[in-house]
Structure formats: C-alpha cells, structure tokens
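Heads up, the thing below is written out as structure tokens.
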Amino acid sequence: MGSSSSSYAPKTIYLDVDGKVQKVVFSRHCSPCDIKELLCSSSNIPRNTAIMMVNPEGALVSIDPTMPTNSQNSLYKVVPLSTGQLGEKEDMFQNVLSQVADQFSRAFRINELKTEVTNRLAMLEKRVELEGLKVVEIEKCKNDLKKLRDEMTSRGGGRVNCPCKYNFSDDGKKVTPRRDVPNYPKYTLSQETVEALKKPTFDVWHWEHNEMLSCLEYMYHDLGLVKEFNMNPITLKRWLLAIQENYRNNPFHNFRHCFCVSQMMYGMIHLCNLQEKLTLTDMGILMTAAVCHDLDHPGYNNTYQINARTELAVRYNDISPLENHHCAVAFQILSLPECNIFANVDPEAFKQIRQAIITLILATDMARHGEILDSFKHKVDNFDFTNEEHVTCLKMVLIKCCDISNEVRPTEVAEPWVDCLLEEYFMQSDREKSEGLPVAPFMDRDKVTKPTAQIGFIKFVLIPMFETVMKLFPQIEEIMVQPLRDSRDHYEELKQIDDAMTEGSSFMFRLRTDLKKVD
C-alpha cells in the first residue's frame, strides 16, 4: 500500500481530442461514473454518451480510478459506443443492485432496511430519468427491487408502503399507475398519419395500444400543450401509460374508446379552428378531459350501479357515480409526482384547470344530456367567445359530441363499435336478470337489434346535438352531420329488411297453419 499522501494525490492522464492534447486530472476516489462524465466533457462528447477508452495500440483502457497513467507521447483516445455496446451500463446497474442486496443481507432491523431500500429506489428512479437507460435495464432493475421489497415484507410481517395512493373500484380492482420510465416504443408518425389524425374519418381499428399512445403524445406536442404547461416529456409519457393501464378490458368502454374520443376531440379542434377561438388552456382542458373521461369504467352503467347499490353508488349518493369515479381516478393519477403533467402550473391556475376538467367529465353522464343541450341552444344564436359561461357550455357539448361520435365515422369503422356496445349491454342485462334487477329494453338481448338500437339514438340524440353545434361551426355539416344522416338512412333500410323478413316468416307460419287445418 502507498503512503497516506500518495493515496490522496490526484491522477493525471492525457487525451487525444481532435489531434490536440487534452490534460485530465481527477481524484483517485472518483467513481467510474464521475470519471466517464469528465472524459466526455474533455472530449466534447455529450455527457450521457456511453464511451470506451483506448491506448495508441488500440487496446481498451479501464475507466476507473486504477487506470494506468500515460504521457503526452502516449495519448489515450475516448470513443463513443454504439447502442449495441452498452454492456458497461448494465454492469454499473448490476453493481448498484449488488450494493443494495449486500446492504439488505447485513441488515438486522427491518425499519432501517425499509428506509434504505426506499432511498435507493428513489435514487435509481432519478438516475433512470436523467440518463435515459434502456427499457430492458429498467425492467431488470424493477424486478430485482421487487424481489427485495417482497423479501423485506415477508421478514417484517408488515405491508410496504405502496407507491399508489388509491385503491378503490366497484370490483375491488387495484388501480396502480406505473412508477418506471414508460416502456412503449417511440413511433415516428408518417405525414399521412399526421394528417389523418385531424379528421373524423380516421380508422381507429388499425392501431395497437403502443401506437395509440404515441399518437396521443403527438397530439399534446402538436397543439402546443407541452410547451404551454411546461410539461416534462418523460412525465407526459408516464402519465399516458398510467392512463392506458387504468382503462379496463371492457367490450366498449376501454382504452381504444378513450383514444377514439380523444382523436375526435383533436379532429374537432382542427376542423372548427378552435385554436383561433379558445385559449391553449382550454385546449388542454378539452384534451385531458377526453383522455380521462372513462377511466376505470367497470362495464356496467350508472343505472346498474344505483339499482345494485354498489360501492360507487353509495360513495357518490347515486349522483353520476361512474363519472365521479372517472374524475377521482384521473386526479389520483395526477397526484403522483411522476405522472403530474401539470406539475409546473401555478397552483391557482391548476385549481381552475382541475375544476374545468371535472365539469367536462361529469357532463358525459347521458342523464344530463337534455339539460346541457338546452342550455347550449339558448346560447348558440348569440354565442360570445369572450363569455366564460358560453365557452364552458360549448366545451361541455364538445366532449359530449366526441364521447358518442362513433356514427360520424365511416360505416366500416363505426359498425364494429355497435357490436361492442351491444355486447357490453347484454353482459349487463344478463347480470341484472340474474340479480333480479330491472332491465332496460334497449339492453335486453331478447328485444333489441342493431337497427332498433341505433335509429332512435341517431335521430333523437346525435343529429339534433350535432346540428346545433353546426349553427356555430357550419364547416362540420359535410364531414360530421351528413355522415350521421347517412347512418340513420342505413339503419332504417336494415330495419325495413328485418321487418320484411319477419313479416315473411309470420306469413309462412300462418300459411302452414291454415294448410294443416284444411288437411
């Protein structure tokens, strides 16, 4: 071993940087990560780049405090690594995990161990976000940490604090937003897709969940919402992933429906030139309410919740129990620092944004349809975009339009949604029958058909609402209102065919009966 003074003396190496000699001095107690940052800085390489160092003969030189010194006549060179050469990053991560495991094995008091693991978890999460490590590394780290937490729980006999701040739903499902860096790949959207996203004709059936997440992420950037609210792009990704994971796999009220409503909102913003009439804050409220409007929907509507006296109905006193639940889940997710896209918004401004989003999500309760549409009808002829009450009413009608806008889309896109909705209706009516609860005729598989389900809804709900919006935005007639009229005609023709077939079957039955009587 060297003397005390020599062990603390700094170490000097010399680099070849673009043909020039660069002197680098560092403490012998620096970590390899610190030395790598110093080498990157000295070599004009971005600080988070993976690197290796070679001597004049091309041999690798270890990057750590024990590396051999050199002279100005034998210069080292720093070389950036390609993506496939990042094994050293994994070694660093494994080293950190090994240290955590080592600390765990030496611990004798469970409370100290909890604190240690929690601190190291926070440290690793911060490093992950700052250095942008690969997904496979993150997943490996997360799995190892989970093993540590599970072992700690089994030894301590207690429950480790969950990062999730809420745990409620009708079926007892745990809603658990993700803490790690989002693992959906980044898709580069073609110009064709970018233009199609702005139109109601967009085919929502051709996209996987990862692609839909990327499309939603693009919408927030394109509308200027990321810049307006000073969102951390990683937080936006994590928030969208948490949103997707908290939509259930219902036949209809699922994440694809969430994407449909959000894409239609994005399309209406462009079609109606709302950027010129509303503020960026209004755009953020409209898009975020659309994304969150059916979070954790259990697949059974408010009527069932109230009649079955579910936990949700009791909690919200039979007043829009599902919509209140969607709001609660939305803001529980936003309450997590790692998912709060509004973290950099002024607290007073956030309070107003929160209230506006709640107002819009609650407006999607169809029990309030007549009330909201009547209010808008009284304002539309003398609409004032500077009047806050008028604008709030417009935003409520816009989210209602988007929520039930499937029939605006081309028939090949819209019709599968009818099958999905009927499947969800039939699941509910079957459950209501088995539990002795009232069954709505339009949800009873023995009484409803696709034409009868759609004709009344299109004629008396969709067309009147969209035609009222058309008074304010005439440009929607061709691309939104006319498809609704065509859809009404399509289902009326189907109903005529069904009626004719039913009448024909009835006639044949009567004819057979009369022939038997003659015999």
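Numbering starts at 1 and runs along the chain as displayed.
Quick reminder: no glycine exception, Cβ is built from N, Cα and C everywhere.
Not measured: the values here are computed from a predicted model.
Now, the feature entries from TrEMBL:
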- His253: active site, proton donor (ACT_SITE)
- His253, Asn254, Phe255, Arg256, His257, Asp294, Asp403, Gln454: AMP binding site (BINDING)
- His257, His293, Asp294, Asp403: Zn(2+) 1 binding site (BINDING)
- Asp294: Zn(2+) 2 binding site (BINDING)
- 177-498: domain 'PDEase' (DOMAIN)
Which entry in the list of recorded positions, His253, Arg256, His257, has its Cβ near the fewest other Cβ atoms, using 10 Å as the limit?
Arg256
Check the binding-site residues Asn254, Gln454 for other C-beta atoms within 10 angstroms of each C-beta and report the one with the most.
Gln454
Checking the binding-site residues Asn254, Arg256, Asp403, Gln454, which are within 10 Å of His293 (Zn(2+) 1 binding site) at the Cα level?
Asp403
For Asp294 (AMP binding site) and the residue listed as 'active site, proton donor', determine the Cα separation and express it in whole Å.
7
Packing count at Asp403 (AMP binding site) (other Cβ atoms within 10 Å of its Cβ):
22
Below 8 Å Cβ to Cβ and six or more residues apart, same chain only. Which residues does that give for Phe255 (AMP binding site)?
His209, Met212, Ile243, Gln244, Tyr247
Greatest CA-CA distance (Å) over the residues His253, Asn254, Phe255, Arg256, His257, Asp294, Asp403, Gln454 that the record ties to AMP?
23
